[in-house]
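The feature disulfide bond is assigned by Swiss-Prot to C44-C104, C146-C203, C248-C296. The domain 'Ig-like C2-type 2' annotation in Swiss-Prot covers 227-312. Swiss-Prot lists N31, N51, N291 with the feature N-linked glycosylation site. Summarising the annotation, Swiss-Prot assigns phosphoserine to S423 and lists similarity to another entry as the type of evidence. The annotation signal peptide is assigned in Swiss-Prot to 1-24 on the grounds of sequence analysis. The topological domain 'Extracellular' annotation in Swiss-Prot covers 25-367 and is backed by sequence analysis. Annotation comment: Swiss-Prot describes 389-435 as topological domain 'Cytoplasmic', evidence class sequence analysis. The feature transmembrane segment is assigned by Swiss-Prot to 368-388.
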Amino acid sequence: MIWKRSAVLRFYSVCGLLLQGSQGQFPLTQNVTVVEGGTAILTCRVDQNDNTSLQWSNPAQQTLYFDDKKALRDNRIELVRASWHELSISVSDVSLSDEGQYTCSLFTMPVKTSKAYLTVLGVPEKPQISGFSSPVMEGDLMQLTCKTSGSKPAADIRWFKNDKEIKDVKYLKEEDANRKTFTVSSTLDFRVDRSDDGVAVICRVDHESLNATPQVAMQVLEIHYTPSVKIIPSTPFPQEGQPLILTCESKGKPLPEPVLWTKDGGELPDPDRMVVSGRELNILFLNKTDNGTYRCEATNTIGQSSAEYVLIVHDVPNTLLPTTIIPSLTTATVTTTVAITTSPTTSATTSSIRDPNALAGQNGPDHALIGGIVAVVVFVTLCSIFLLGRYLARHKGTYLTNEAKGAEDAPDADTAIINAEGSQVNAEEKKEYFI
């Protein structure tokens, strides 16, 4: 009886150990994603294994490897590692047909399995842009289509103009004939203008198989447009006697032909003085007859455009002496005049002398100097009149000749009595002069 109880206990102990061991013997796998044409690594691990065999099989339930023994003749499939705890194999040059569920089997009682799904990404082809025919005229409607095939899952298409993304452009995806990959297309519509000339329109394909390097296609636009014309003067304030250059700045595609210059609707009136060189009109020296409207015309195969410039020739401003110099001229003139009153014979020469410092750098008539000279002449005249009057006043009186001696009312025959000064205090005092 005791022996039977002991046997039963041993049986349950063995069953418990087997159950515990079988719970630790469970294969572990992971799903794998690989780009078409790449290499996939399939790994199966067992934490606790009592020398039980491991096996990998493909979605068609074909055995690939049984422990370290290769079962399927496929040169793309190689053994990476084989042990009681791990069985790893590699599949190179993966194709879309390799995608599916792979099984790792642990041959215990019962057999335990673990699934690993192999996902193969289809790489999109390089995109192509169609719909552009050069050249395009300004104002036309442009329609560009970008298409790419072979992506799995379907790729995304984005549009850019000079690296600036164009938002909200729709795209269409279609399943390919193999029912595994997709063809994606997108159409961009916009109306072109001259600012679009030379712009690079880019179609970019984004896909998880491309990592950080997207597929791109580029189309550089060529837009033809009529010329734009602008006249630029060499000076904003043209003056009489100065040269003037008018530059006709014209832009267009195709490049405009040589520009045409006209004045007031006709030809240039003075070709010798108005020289056209390329896009420039050079007026050698300006005068009042040059006033008018100058027109520059530029023409290309698309059309014609023009610009106008109204020329007004301004007078050269008079260069006058500063007002602070005039008092110094007057002072110098007065000083010279004092010398003239003591030497009348030198008056003509002295009055014509000009102050060289005051007149330095003057080309026109000096009105200030003329006014100073007039003032000197007037001053000299007034001084002469004053001296003459004083002289006559001093010699005022009555004079008698020898013939008047016999007169009855004559005081003395040999004496002439002259009144010295009418304004003196002693009016009776007389002086005698002999003639």
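The backbone N, Cα and C atoms fix where each Cβ goes, and this holds for glycine too.
Owing to the predicted nature of the structure, the values given are computational and were not obtained by experimental measurement.
Where Swiss-Prot records a feature, it is marked here on the structure.
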{"residue": "N31", "record": "N-linked glycosylation site", "DSSP class": "coil"}
{"residue": "C44", "record": "disulfide bond", "DSSP class": "strand"}
{"residue": "N51", "record": "N-linked glycosylation site", "DSSP class": "coil"}
{"residue": "C104", "record": "disulfide bond", "DSSP class": "strand"}
{"residue": "C146", "record": "disulfide bond", "DSSP class": "strand"}
{"residue": "C203", "record": "disulfide bond", "DSSP class": "strand"}
{"residue": "C248", "record": "disulfide bond", "DSSP class": "strand"}
{"residue": "N291", "record": "N-linked glycosylation site", "DSSP class": "coil"}
{"residue": "C296", "record": "disulfide bond", "DSSP class": "strand"}
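The Cα of N31 (N-linked glycosylation site) lies closest to that of C104, out of the recorded positions N51, C104, C248, N291, C296. Here C248 (disulfide bond) is positioned 18 angstrom away from N291 (N-linked glycosylation site), judged by their C-alpha atoms. The least crowded of the glycosylation sites N31, N51, N291, judged by other CB atoms within 10 A of its own CB, is N51. Distance from the CA of C203 (disulfide bond) to the CA of C248 (disulfide bond) is 39 Å. Near C44 (disulfide bond), with the C-alpha within 10 Å of its C-alpha, lie none of the recorded positions N51, C146, C203, C296. Counting neighbouring Cβ atoms within 10 Å of each of the disulfide-bonded residues (C104, C146), the lowest count belongs to C104. Per DSSP, the secondary structure of the domain 'Ig-like C2-type 2' (227-312) breaks down as 3 helix, 47 strand, 36 coil. A separation of roughly 58 Å, to the nearest angstrom, links the Cα atoms of N51 (N-linked glycosylation site) and C146 (disulfide bond). Rounded to a whole number, the distance between the Cα atoms of C296 (disulfide bond) and C146 (disulfide bond) is 44 Å. Cβ neighbour count for C203 (disulfide bond) (all protein chains, 10 Å cutoff from its Cβ): 24.
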